[in-house]
Amino acid sequence: MRLHLLLLILLLFKILLSPVRGDLGPVEGHCLNLSGVCRRDVCKVVEDQIGACRRRMKCCRAWWILMPIPTPLIMSDYQEPLKPKLK
């Protein structure tokens with residue numbers, strides 16, 4: 001009985017103390033899975049924009065002519081705020 005209790009407690013601690021990457025959102029994780037980098041405002045000259053990470057962050061990935069890799073466009077839930085119309 002004590003062995004079962006000990007195993008149950010160890011399993012509980014393993015579940016509760018498991019490493020969790022909570023700092024990345026789903027779009028940032030998808031960008032990293034495509035070998036991309038989230039950059040602020042603009043991508044470098046040798047990079048293509050393959051999506052959006054956050055408000056002003058863009059998912060950028062280096063393009064290589066010799067090794068083309070298809071990249072799906074990453075759509076973000078964020079929409080730019082409407083600009084006020086001047087009357």
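Positions of Cβ are set from backbone N, Cα and C atoms, glycine also.
Positions annotated as disulfide bond by Swiss-Prot: Cys31-Cys59, Cys38-Cys53, Cys43-Cys60. What Swiss-Prot records for Asn33 is N-linked glycosylation site, and it gives sequence analysis as the kind of evidence. The signal peptide annotation in Swiss-Prot covers 1-22 and rests on sequence analysis.
Structure with Swiss-Prot features highlighted.
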| residue | record | contacts (Cβ under 8 Å, 6+ apart) |
| --- | --- | --- |
| Asn33 | N-linked glycosylation site | none |
| Cys38 | disulfide bond | Glu28, Cys31, Cys53, Arg54, Met57, Lys58, Cys59, Cys60 |
| Cys43 | disulfide bond | Gln49, Lys58, Cys60 |
The one of Cys31, Cys53, Cys59, Cys60 whose CB sees the fewest other CB atoms within 10 Å, among these disulfide-bonded residues:
Cys60
